[in-house]
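Undergrad: One structure, pasted below without further comment.
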Amino acid sequence: MNVSTEPVILKLGGSVITDKAADQGVVREDSLRRIAKEVSEYRGKMIIVHGAGSFGHTYAKKYQLGKVFDPEGAIVTHESVKKLASRVVDTLNEYGVRAIAVHPMCCTICRNGRIESMYLDNIKLMLENGLVPVLHGDVVMDLELRACVLSGDQIVPYLAKELKITRLGLGSAEDGVLDNDGKTVPEITPKTFEDFKHYIRGSGSTDVTGGMLGKVQELLELSKTSCITSYIFNAGKDDNIYRFLNGEPMGTTISPDKRV
Ligand SMILES: Nc1ncnc2c1ncn2[C@@H]1O[C@H](COP(=O)(O)OP(=O)(O)OP(=O)(O)O)[C@@H](O)[C@H]1O
Ligand SMILES: [Mg+2]
């Protein structure tokens with residue numbers, strides 16, 4: 001087993017831990033338990049970020065969050081994703097993972113939907129003291145829009161950059177970025193993105209933050225401004241999370257351009 005002393009950032013996609021076809025928050029219990037077990041078998045430090053799935057996107061869409069400021073919509077959506085966070089944290093703790101929720105609404109400010117600042121000292125201390133911070137897609141206050149939807153896909157590369165963490169992966173319900181034949185694209189870099197862009201769309205379900213295209217764009221931004229390689233992989237398949245945490249490359253790799 002390759003246990004790194006550096007933390008790993010893992011995103012649990014809302015499409016894996018919830019039923020995204022539901023019109024209200026529904027947890028996929030079996031999937032969450034299996035994931036909690038795999039996470040518990042990893043001994044290193046980690047940060048978990050989970051998607052909002054049907055606990056967030058449905059309400060964000062209903063109240064048009066990000067387009068119009070709706071205090072009731074912001075509260076309903078935030079309360080709903082907090083419920084999911086509590087289910088995730090409780091299940092992880094049942095399996096012995098010392099998980100603790102960090103709600104982005106309470107520590108983040110955005111500007112036009114992009115993170116302007118996030119309070120990180122608590123997360124650093126949690127990592128130093130053996131706790132596993134669990135963040136999630138949330139509604140957060142925004143300097144221009146008043147409130148916006150902050151995707152877990154944006155939080156992951158932000159944390160990687162700010163905390164200088166180089167191993168990160170977005171686990172979702174597909175094997176990675178798929179081409180038109182359903183085959184996994186092995187690698188995308190900023191230069192090769194144009195070759196693959198036409199395969200990559202939003203989500204098959206309700207998703208206000210860009211589905212697969214949103215993920216690829218967030219990770220490409222990171223690869224343009226750092227030497228970090230990240231992964232989009234299938235967290236819905238047995239053992240993949242365990243293998244990812246232990247250092248196996250998998251799914252689609254999003255990498256910086258090769259030096260010539
Ligand atoms: N080329 C592609 N390859 C793979 N998936 C794609 C592609 N184009 C679009 N998709 C869609 O993107 C979805 C994944 O994004 P989505 O945001 O729904 O998942 P998630 O991140 O697990 O959920 P959440 O945002 O709630 O965390 C896939 O389930 C699929 O419907
Ligand atoms: Mg999404």
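The chain as shown is numbered from 1 upward.
Just so it is clear, glycine is given a Cβ too, placed from its N, Cα and C backbone atoms.
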Undergrad: Given that TrEMBL lists Ala52, His57 as binding substrate, which residue among Gly130, Gly152, Gly169, Gly171 does it place in the same site?
TA: Gly152
Undergrad: Gly53, Gly56, Gly251: which one does TrEMBL list with Lys11, Leu12, Gly13, Gly14, Ser15, Gly211, Lys215 for the ATP site?
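TA: So, going by the record in TrEMBL, that would be Gly53.
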Undergrad: What subset of the recorded positions Lys20, His57, Gly152 lies within 10 angstroms of Leu12 (ATP binding site), using C-alpha positions?
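TA: Neighbours among recorded positions, in sequence order: Gly152.
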Undergrad: So if I draw a 10 Å sphere around the Cβ of Lys11 (ATP binding site), how many other Cβ atoms end up inside it?
TA: 28
Undergrad: Around Ser15 (ATP binding site), which residues of its chain at least 6 apart sit with Cβ under 8 Å of its Cβ?
TA: Gly51, Gly53, Ser172, Ala173, Ser203, Ser205, Gly236
Undergrad: Far apart in sequence but close in space: which same-chain residues, 6 or more away, have a Cβ under 8 Å from Lys20 (site 'Transition state stabilizer')?
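TA: Set apart from Lys20 (site 'Transition state stabilizer') by at least 6 residues yet with Cβ under 8 Å, we have Gly14, Gly53, Ser54, His57, Ser203, Ser205, Thr206, Asp207.
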Undergrad: Among the binding-site residues Lys11, Gly13, Gly211, Lys215, which ones place their C-alpha within 10 angstroms of the C-alpha of Ala52 (substrate binding site)?
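TA: Matched binding-site residues: Gly13, sequence order.
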